[in-house]
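Asker: Take a look at the following structure, please.
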Amino acid sequence: MSSCSVDGNADMYGLGIRLGFYLNWNAGILANLVAVQEIETIRYAFTCFIGATFLALVVQTVQGDNLTALDTYIVLLLCFGYYCSLVPTWLWRLATCFNPKLDPTRWPRLKPSQTFMYAHVALVAAVAAFQLWFWFAEVPKAAACSYRGFLFVKFRLTDVVFKYVNIAFQALILAICVTSVAAQLLGREGSPSVRISERHKSTLRILYAVMLFIVASLITVATELTIAWNRVTDVNELNSAGQLIPFIVGVGVLGRVVYLAIRGGLSSAPPGKMGTHGRDDMTAMGGHYVHLPTAMPYDESTTIDASSSGGGPYGPVHKPYTPEGWNFLPPISPYVANSTSVPMPAVGISHPMSAANNPVRSSLPPYETGGLPHPNSPYEIGTGYAHGRHELYDADQPTGNYSIMTPTIGNPNIR
């Protein structure tokens, strides 16, 4: 890395690759506001994109493939720039004394799995550790070069202030990663008893998106100014497959999110995902909320007798858990045939409902009639199909005393 060449490495940070990063950053930010069903896909794809780029950087560094300190600096901006948001996020948490009601990261539209979180933190920690090595061991070797970097203004890459600000920044991010993992392992992350309104959550999400957009914009400016200041050549063309592919993929991802936003921001739940969406998200699907007289905990041993609830030969059906005295009726699904019964596909029983005996039923559209799901059906309670089965129960039934179940969204306790 001692060479002072300014011949750019298009395979690592060519124009198409840079645009791919920028487009995916903004697609992820926008999806968190208007297209929750796209969040998981973008999240995994972007993490893989970053991981692959970082792995390529490590391999080329180990092999000594004539990477300059400037090449590494630019690639690290792309790999790590988005995660710079960790620092202002934690500074905000400190300023608000870790008050969950003021923490926008506590109320995501779609929470990532724990496995993804650990893998994500491991990637961030690995890049931060590499950055520390880079600033301590490699940057001093470029002392004879006049490379410039970005810290709101132009700095020499080997400037003492610039160097130690970057070291402190990476050390802080590494400490945040360790603290986050420790909090998870000790079970101190999260406070399930804290509740805030959907409007408050929406406001926090918007503020968080604005902060992420500002960070992404700063990293974009830093990357492009670094290339311009150092007059890096051969990295500003889209004339090869290696540049066109990431660019077109990025355009497609962002275009999909923009399309959903224009179409109305359909924030439906992905199949199989529960417990992460509020009322605003679910009503965006065209569903209905119904008050439940009794919230009954889900229990494997708690059942509704099929004969007393209009069932058939399949025996008892588990009662669903209904948090906070309400649940959600999904919009009409392809399995809802008419207003009197809904046979299960392949296996199930027809269960006519009487609007006269059910005040909840009488206030809903005709298609809101349900069929009792068989416990072994692929559409049984707990599968989490976004347009799957639902059931209405008479509110005055002695075995029930509640009005509705849904196997879809809004319920973290159905398994």
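From the backbone N, Cα and C atoms, a Cβ is placed for every residue, glycine too.
TrEMBL does not curate its annotations; it predicts them automatically.
Below, the features straight out of TrEMBL:
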TRANSMEM  12-35  transmembrane segment
TRANSMEM  42-62  transmembrane segment
TRANSMEM  74-95  transmembrane segment
TRANSMEM  116-136  transmembrane segment
TRANSMEM  167-186  transmembrane segment
TRANSMEM  206-229  transmembrane segment
TRANSMEM  241-262  transmembrane segment
Asker: Under a Cβ pair cut-off of under 8 Å, which of the recorded stretches 12-35, 42-62, 74-95, 116-136, 167-186 contacts the transmembrane segment (241-262) most often?
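Answerer: Stretch with maximum Cβ contacts: 12-35.
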Asker: Cβ under 8 Å, sequence separation of at least 6 from the ends of the transmembrane segment (167-186): give me the contacting residues as numbers and ranges.
Answerer: 83-84, 86-87, 90, 114, 117-118, 121, 124-125, 128-129, 131-132, 135-136
Asker: Should anything in the same chain at least six residues away from the transmembrane segment (42-62) have a Cβ under 8 Å from its Cβ atoms, list it; otherwise answer none.
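Answerer: That would be 12, 17, 20-21, 24-25, 27-28, 31, 72, 75-76, 78-79, 82, 112, 116, 119-120, 123, 126-127, 130, 246, 253, 257.
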Asker: Taking the transmembrane segment (116-136) as the first stretch and the transmembrane segment (206-229) as the second, find out whether 3 or more Cβ pairs fall under 8 Å, excluding pairs closer than 6 in sequence.
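Answerer: Per Cβ check, the transmembrane segment (116-136) does not touch the transmembrane segment (206-229).
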Asker: Checking distant contacts: for the transmembrane segment (206-229), what same-chain residues at least six beyond its ends satisfy Cβ-Cβ under 8 A?
Answerer: 8, 13, 18, 22, 25-26, 29-30, 32-33, 70, 73-74, 77-78, 81-82, 84-85, 88-89, 104-105, 148-150, 154, 235-236
